[in-house]
Number of protein chains: 2
Amino acid sequence: MNNNDKISPAVIRRLPKYYRYLGELTKMGLNKTSSRELSEMTGFSASQIRQDLNNFGGFGQQGFGYDVENLRNEIARILGLDKKYKIIIIGAGNIGQAIANYTGFYEADYEVVALFDKNPKLIGMSMRNALIKDIDELEEFLNVENIDIAVICTPKSVSQQVAEQLVQCGIRAIWNFAPKDLKMPDYVHVENVHLNESLFSLTYYYNQMNKKKSE
Amino acid sequence: MNNNDKISPAVIRRLPKYYRYLGELTKMGLNKTSSRELSEMTGFSASQIRQDLNNFGGFGQQGFGYDVENLRNEIARILGLDKKYKIIIIGAGNIGQAIANYTGFYEADYEVVALFDKNPKLIGMSMRNALIKDIDELEEFLNVENIDIAVICTPKSVSQQVAEQLVQCGIRAIWNFAPKDLKMPDYVHVENVHLNESLFSLTYYYNQMNKKKSE
DNA sequence: TAGATTGTTAATCGATTAACAATC
DNA sequence: TAGATTGTTAATCGATTAACAATC
């Protein structure tokens, strides 16, 4: 268990997938699995799966495999899915509202406690249990509440400025949906969801396929 | 220009970023740039940028650099942003509606022509210029209209089945927002936006930082 | 025990970086 | 011309895969 070494981001991005497939195995009533079986499900090689898991410890049993529930719990613990997280969303437009209403976060205990916007038409509305507040109240709010994660769903023109304000108020984890790369100090982690970049690469591959077809 | 070699996905995923920063340079009124300047903006090494671009051709001028507008156009052409694309969205819930209303696709000519859902409360509503239709009309619709890209925003339980139906009707490019890996034939390209996986890795890094802080 | 599968080391592969000749 | 910066080859680095001893 070398918890102190830096784990490659590629490994971290595979963990949620293992976690998801282990959940499916549980649902199917299976309590034992192997790197070979996980390989078939995920498409990653069995060797890679064993390498990945052994970054965090030996969760398997030689000659036997892995206990599904145990391995799932271990991955949950590694990712931190065994804890509660309070989230705020900045920008209550299309994307902000969609995230607020998104039910796909059930795996862990994520709670959207508030949204912030500057549009008076939106302020005062509520999404699920979260109220849309005036962006001017953001700092005051952050001084009182203990927020773990901030989601940026503003237009890109203000995203950098909003991010800086968040960091000044103590936020250290940002989930960024604005199509812009935020310049942030090292102690802030930014996870980007760049929808346009995703769509552009899909477009590239779509055209590649059409090219091949017409050859 | 070795258009026929397979370009690494890592390269393709950087292209939209180059494209975006070149747009910013244009806005700033600059018409000349260099791999060094792009390196400072994007955070990728100058060497990598030159390598990436030279997968597609020599767009620069030795001793001078790159013409901003020309390079931007070339990347647009490589990605296919110089063409029009018709999109449909399957599932008109939170995410589906957000995508339909998303204005961040202005770079290229993407048009959402219809949404599909099975919820009678949603059917008949319209998002921007697109109508929400009954999912039962999907096949008929695809037989008549020429659709380039389908976006899956359904619950994960039906995503695989929906994807198969789309492929049967000729769809070859899928933008998948359902938290599930679609099993698809090779001639279909799937681009995944797995929001929960993204949030989970953010959670991991958030906890890592807290661990460091308390050491 | 024999068979199976992990944990882990070594080999391979691919992607990134460095270096530099070409040349504007 | 001299300085600058590309295009491209070679070197390095890191991640993936293969192999196999450990062991259940």
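Each residue, glycine too, has its Cβ placed from N, Cα and C.
All TrEMBL annotations are machine predictions without curation.
Quick look at what TrEMBL annotates:
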| type | residues | note |
| --- | --- | --- |
| DNA_BIND | B:17-56 | DNA-binding region |
| DOMAIN | B:80-181 | domain 'CoA-binding' |
| BINDING | B:GLY91, B:ALA92, B:GLY93, B:ASN94, B:ILE95, B:GLY96 | NAD(+) binding site |
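Take the binding-site residues B:GLY91, B:GLY93, B:GLY96: by the count of other Cβ atoms within 10 Å of each Cβ, the lowest one is B:GLY93. For B:ILE95 (NAD(+) binding site), the number of other Cβ atoms no farther than 10 Å from its own Cβ, over all displayed protein chains, is 25. Closeness to chain A is evaluated for the binding-site residues B:GLY91, B:ASN94, B:ILE95 by Cβ distance, with values under 8 Å counted; counted residues in sequence order are B:ASN94, B:ILE95.
Non-local contacts of B:ALA92 (NAD(+) binding site) by the CB criterion (under 8 A, 6+ apart in sequence, same chain) comprise B:ALA100, B:LEU115, B:PHE116, B:ASP117, B:ASN119, B:LEU122, B:MET125, B:MET127, B:ILE132, B:CYS153. Helix, strand and coil residue tallies for the DNA-binding region (B:17-56), in that order: 28 helix, 2 strand, 10 coil [DSSP].
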